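Following: one structure in structure tokens, then a few remarks.
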């Protein structure tokens, strides 16, 4: 088989996309227009810890500043966040809009339900994805993916 005809993890990517679409459908079915699944974690973080800079939010969520900046702009455009003056009046922070505060109970409930369902699925597997992820990280720590790619190219 020619590897150009292969995409070894495409089924995993498709499955994750399907799960994401299922979660997104909950928001649509509930009448929450404009919500994206990538907004929920940052919005809950703002709910739990209050307004913060994009950099602080990125650090809390474990993503790059650039990625969070794009997400923050999209959340603001959708009406879920608003800019607030920072603690020292020189920084700009983002906080929840009234619309986001209104739907927060549902966001929190959905997050908990999703985590519960994912943990149930993980427990039902003969070899959990949590274990697979940890094992992959250990393998990549021992021999990074870039090194593996270079070896396959030579």
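Placed from the backbone N, Cα and C atoms, the Cβ positions cover glycine too.
Just so you know, TrEMBL annotations never went through curation; they're auto-generated.
Keep in mind that what you see is a predicted model, and the values were worked out from it rather than measured.
Summarising the annotation, TrEMBL assigns domain 'HTH marR-type' to 44-80. Beyond the domain 'HTH marR-type' (44-80), the same-chain residues lying 6 or more positions past its ends with a Cβ under 8 Å from any Cβ of the stretch are 34-36, 38, 86, 91-97, 99-101, 104, 107-108, 111.
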Whole-number mean of pLDDT values that fall within the domain 'HTH marR-type' (44-80): 97
